[in-house]
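Here's the structure we're looking at; comments come further down.
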Amino acid sequence: MASTAAPPAALVARRAASASVAAPLRGAGLAAGCQPARSLAFAAGADPRLAVHVASRCRAASAARGTRAVATMAKKSVGDLTAADLEGKRVLVRADLNVPLDDNQNITDDTRIRAAIPTIKYLLSNGAKVILTSHLGRPKGVTPKFSLAPLVPRLSELLGIEVKKAEDVIGPEVEKLVADLANGAVLLLENVRFYKEEEKNDPEFAKKLASLADLFVNDAFGTAHRAHASTEGVTKFLKPSVAGFLLQKELDYLDGAVSNPKRPFAAIVGGSKVSSKIGVIESLLEKCDILLLGGGMIFTFYKAQGLSVGSSLVEEDKLELATSLLAKAKAKGVSLLLPSDVIIADKFAPDANSQTVPASAIPDGWMGLDIGPDSVKTFNDALDTTQTIIWNGPMGVFEFDKFAVGTESIAKKLAELSKKGVTTIIGGGDSVAAVEKVGVADVMSHISTGGGASLELLEGKELPGVVALDEGVMTRSVTV
């Protein structure tokens, strides 16, 4: 069977079909609500080296966990502001309007523009004057092809008003346009990255930008992990500085729901390299009950356990790390599932020959590019036991249709579970492209708009653009 290659693919754990595996699990202190033995263990026939570091039980739902209070510091949101706070006020809104354009400057995907609309409409409905700022691409100075001009028609259409555009970001001409702005009107500034001072977080530039407004709303989650002038710098000069609806939703799901999830809580982590997901895996091991690993990173885990991986992608300098992560999962009682079968290819190409083999039987000269059907079944069985799922990273080289089955199967499973009330969070990046490709994006509980910002938040890092905002009300929730 011909197949295509891409970064080595994900692997999934084999279904527990044997009483010899299941029996010990029943006495492992599993909590009510976990349905572990049948789906969370390796089959007795699986290579023992695949199972050696895997804890096949749901974590901490036993009496050992008990009741836990979780405190989170919320940020003040635009929804906390009333008409009395907003009417007649100049509001600087940092949005993420970094949309793709074709060679004719036509927008090819307006998702980020649509995501910014609720915050803008709320401000307009409360009589504010909105000054909208964003970046587009990575310009080196003023670069016409990175102008925000092509965004004006779509913004105007979605808002139902004529959006005006400035030819600059700061300066006398911009100040005049702001002064002439009526209540309920929108002015779009030019690409803020036309100024090198933006990414340097230059205080003087931030001060000039802030001087245009009375208060600040950050709704650009995709750049919240950067301390730039328009995300962090302006907060030193504008109060209040609050989160927009999109940014708040990202925090609610990627921080709130992940830190204090409905359990059992499963995390699916894919991607080509362990090195790019170390922080995410380590952070999620502190929080999740089940961790499913896929993508090319899996082969580093396999080689660390002494398995032959053929020509699959391996990070030789991360073998010890892979072993330690497996040991950490076992120590914390996290059910870490590895694929039991893999779809392999004889080259990294769409027209490659392919076949399905056990994860322990990858021949020389072949590379893994997707998880196999047994692995998909095992992953799906595990996900059936959960109440919260977060997914970051594809299961295989889904850019090639032949190796997209594993990734698309996971997307469809999450859509099915989301309809049943399971909280499903798509943590940015290629996972978003996957659910959009399958046509199930609208069904998910939350789809993150951030790439690097999503990863850093999942890693437990503080995001400068969020830290700089005004603090909201301390919330406290309890899980049992």
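Quick reminder: no glycine exception, Cβ is built from N, Cα and C everywhere.
Feature annotations, courtesy of Swiss-Prot:
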- Ala95, Asp96, Asn98, Arg112, Ser134, His135, Gly137, Arg138, Arg193, His225, Arg226: (2R)-3-phosphoglycerate binding site (BINDING)
- Gly271, Gly295, Gly393, Phe398: CDP binding site (BINDING)
- Gly271, Gly295, Phe398: ADP binding site (BINDING)
- Lys273, Lys277, Gly296, Gly368, Glu399: AMP binding site (BINDING)
- Lys277, Gly296, Gly368, Glu399, Asp430, Ser431: ATP binding site (BINDING)
- Asp430: Mg(2+) binding site (BINDING)
- 1-72: transit peptide (TRANSIT)
Integer Å distance between the CA atoms belonging to Ser134 ((2R)-3-phosphoglycerate binding site) and Gly296 (AMP binding site):
34
Measuring Cα to Cα, how far is Arg226 ((2R)-3-phosphoglycerate binding site) from Phe398 (CDP binding site) in Å?
29
Distance check, please: Cα of Glu399 (AMP binding site) against Cα of Asn98 ((2R)-3-phosphoglycerate binding site), rounded to an integer number of angstrom.
22
The one of Ser134, Ser431 whose CB sees the fewest other CB atoms within 10 Å, among these binding-site residues:
Ser134
Between the binding-site residues Gly137, Gly295, Gly368, Gly393, where is the Cβ count within 10 Å the lowest?
Gly137
Can you figure out which of Gly271, Lys277, Phe398, Asp430, Ser431 (the binding-site residues) comes closest in space to Arg193 ((2R)-3-phosphoglycerate binding site), comparing Cα atoms?
Asp430
Taking the residues the record says bind (2R)-3-phosphoglycerate (Ala95, Asp96, Asn98, Arg112, Ser134, His135, Gly137, Arg138, Arg193, His225, Arg226), how far apart in Å are the two Cα atoms that sit farthest from each other?
18
Alpha-carbon spacing, Lys273 (AMP binding site) to Gly295 (CDP binding site), which is rounded to whole Å:
8
So if I measure Cβ to Cβ from Lys277 (AMP binding site) and keep only same-chain residues at least 6 apart in sequence, which ones fall under 8 Å?
Val269, Gly271, Met297, Asn392, Gly393, Leu455
Determine the minimum-neighbour residue: among Gly271, Gly296, listed as binding-site residues, which Cβ has the fewest other Cβ atoms within 10 angstroms?
Gly271
Using the alpha carbons only, what distance in Å do you get between Ala95 ((2R)-3-phosphoglycerate binding site) and Phe398 (CDP binding site) once rounded?
30
If you draw a 10 Å sphere around the Cβ of Phe398 (CDP binding site), how many other Cβ atoms fall inside it, taking every protein chain shown into account?
29
I'm trying to understand the geometry here, so how far is the Cα atom of Gly137 ((2R)-3-phosphoglycerate binding site) from the Cα atom of Gly295 (CDP binding site), in Å to the nearest whole number?
28
Between any two of Lys277, Gly296, Gly368, Glu399, Asp430, Ser431, the residues recorded as binding ATP, what is the biggest Cα to Cα distance in Å?
20
